[in-house]
Number of protein chains: 2
Amino acid sequence: MSGRAGDHVISSRPTEEALIARYFAPLAGPGADGLRDDAASLAPSPGHDLVLTADAIVSGIHYFPDDPPESLARKALGVNLSDIAAKGAVPRGFLLTLALPADWTEAWLARFAEGLGQASRASGCPLLGGDTVKSGGPALIGVTAIGEVPAGRIVRRATARVGDRICVSGTIGDAALGLRMRLDPDAGWVRALDAPARAHLADRYLHPQARLGLADAVLRFATASMDVSDGLAGDLAKMLAGAGATAEIDAAAVPLSPAATRAIASRTDLFDVAVTGGDDYEILCTVAPDSCDAFRAAAAAAGVPVSVVGTVGSGSGLPGFRDAEGAARVFAAGAFSHF
Amino acid sequence: MSGRAGDHVISSRPTEEALIARYFAPLAGPGADGLRDDAASLAPSPGHDLVLTADAIVSGIHYFPDDPPESLARKALGVNLSDIAAKGAVPRGFLLTLALPADWTEAWLARFAEGLGQASRASGCPLLGGDTVKSGGPALIGVTAIGEVPAGRIVRRATARVGDRICVSGTIGDAALGLRMRLDPDAGWVRALDAPARAHLADRYLHPQARLGLADAVLRFATASMDVSDGLAGDLAKMLAGAGATAEIDAAAVPLSPAATRAIASRTDLFDVAVTGGDDYEILCTVAPDSCDAFRAAAAAAGVPVSVVGTVGSGSGLPGFRDAEGAARVFAAGAFSHF
């Protein structure tokens, strides 16, 4: 639909149809009819369910207005594919809702579409449709991603069992530290990092990588799964509250990159940022003890590092993070889930 | 995901999870796991494809900021279900991306959710998931709607054939006139209408009604179909351009409500508004001549009025609207499709 409510100005800019044909139609998948229709058709593979998720990112809130448009396209798709992977699903396609500010340029859109095409091809997740509107404010990039899992096999968030091992992919805290670095580039801990470490943290904030390679191992072995988007501590609390359980986490086992390790060594309170800051887009899952070796082997075969950080316990409190001295700390749940 | 980029303020407002549990979980459909997970699962009925579409509405652009939140919820879902119906599909569910302005209130959200629940139940289209974010500007309500059709049977936009009859459901122009009335309530043509006529036009702008009842007749008999969202003239031009065809429309056959008829009688240029203004959310479809009676009978059985307004012709020009004096007018395509 086009603009309404006093918005009937004939502009010299290309029409929405022309922009779609030029920039987005090349990304269209089967069933999308070249984006010439208002809807796409899609069927799951035989014996499969579709898995649907929606996440939006907003300029000035979820990213910096001057971030490269290619990066924003990767991020918008990536944060959604992260949910798909965490459910044990493989991507099938996505729809895009793009709300543009008054000062959008075709150059920005061209770069955005270029990045979106690269991310789409890299993940085997074609564009199925969407909408382009004026935002009346900052840009908003909304994605609905669709994946598929064998029928009835979606891996849920709240289904962890007492005794299950708690596993995390990759490393935690890099994106949160990367954001802190962007906000305060002259901080002492930032200046203490070398250039490759700074680049690592910046890249992890800007370019979340959905752990699509881990989806099959999650599907085969995880009893519960979610992606870490709002911080390990808070997301773990959500997962365990849903299961009516709690956990003790070995703080030293929380996987940290060399860059995060160095940052935390120079300012130990940055560990709290690492486990509460969010934007990790790693997979947090639980695995029965007797499946743990098989899960780790499957993850290794897929090239995704995983770490066991604790065990699901009975009870209802917030998960405690136990440090080397044996002191357990909790992080207030929900502190970062306001919007 | 929650706020980022300097947005880590602990607020006294309910968390996103609490709002979802209170207002949106009651709308959740099967496969949505009570909105306690980051993704939903959905399978089409055996032998069916899913049909996917996404449309967003923005405060101050697609609606007035002081429109009742219940009405906005109905509109946001309705404009999407209109695409589902036009494809010959029945609704299965939807995802909601809700971007809220800084001054959102829980009272607004409660009313929005109430209206959304009513619209969801009335259309048999449960909530499957979504995201709630800060907009950094005006509100944006984005919906991805999912329907289903028998496998391979989605009714496309560009598949009209020369000789097909062009059919339109309901009446055209009411919403566009309703918008004009809102923008200039003291216009002479508005003052010349009686109160019920004004109420009709206002309601048609505020509450688009997806023609879900017509979907089965479209599926059985239409050779091509789309909903009229950007104006009959422009949408018809898109439909026919896709088919490499043109048409002659009998201007007198364009279905008008009594209110629109009265408005146009007092100011004949309002006919142009009616056929170019958009927001009709009627179905525009083509039907082979020998199916026309059966289509009309099926529509009548479904309680949806349909009108034949012209015939698909060979050629490539914009469709002409021929008036009672035999003069044909064209309306510039795309004039209202800028965003």
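Here the Cβ of each residue, glycine as well, is placed from N, Cα and C on the backbone.
Quick look at what TrEMBL lists:
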DOMAIN    A:37-149  domain 'PurM-like N-terminal'
BINDING   A:ASP38, A:THR53, A:ASP83  Mg(2+) 4 binding site
BINDING   A:ASP38, A:ASP83, A:ASP227  Mg(2+) 3 binding site
BINDING   A:ASP55, A:ASP131  Mg(2+) 1 binding site
BINDING   A:ASP55, A:ASP83  Mg(2+) 2 binding site
BINDING   A:HIS62, A:ASP279, A:PHE336  substrate binding site
BINDING   A:GLY130, A:ASP131, A:ARG157, A:SER229  ATP binding site
DOMAIN    A:161-316  domain 'PurM-like C-terminal'
BINDING   A:ASP230  Mg(2+) 5 binding site
Pick from A:THR53, A:SER229: which of these binding-site residues has the biggest number of other Cβ atoms within 10 Å of its Cβ?
A:THR53
From A:ASP38, A:ASP55, A:HIS62, A:GLY130, A:ASP131, the binding-site residues whose CA lies within 10 Å of that of A:ASP230 (Mg(2+) 5 binding site):
none
Candidates A:ASP38, A:ASP55, A:ASP279 (binding-site residues); nearest Cα to A:ASP227 (Mg(2+) 3 binding site) turns out to be A:ASP279
According to DSSP, which kind of secondary structure is A:ASP279 (substrate binding site) found in, if we only use helix, strand and coil?
coil
DSSP puts the residues of the domain 'PurM-like N-terminal' (A:37-149) at 35 helix, 45 strand, 33 coil
Subset of binding-site residues (A:ASP55, A:GLY130, A:ASP131) lying within 10 A of A:ASP38 (Mg(2+) 4 binding site), CA to CA, in sequence order
A:GLY130, A:ASP131
Which ones are near A:GLY130 (ATP binding site): of the binding-site residues A:THR53, A:ASP55, A:HIS62, A:ASP83, A:ASP279, which have a Cα within 10 Å?
none
So what sits near A:ARG157 (ATP binding site) in its own chain, CB-to-CB under 8 Å and at least six residues off in sequence?
A:ALA224, A:SER225, A:MET226, A:LYS238, A:MET239, A:GLY242
Mind giving me a neighbour count for A:ASP55 (Mg(2+) 1 binding site)? Other Cβ atoms within 10 Å of its Cβ, every protein chain shown.
27
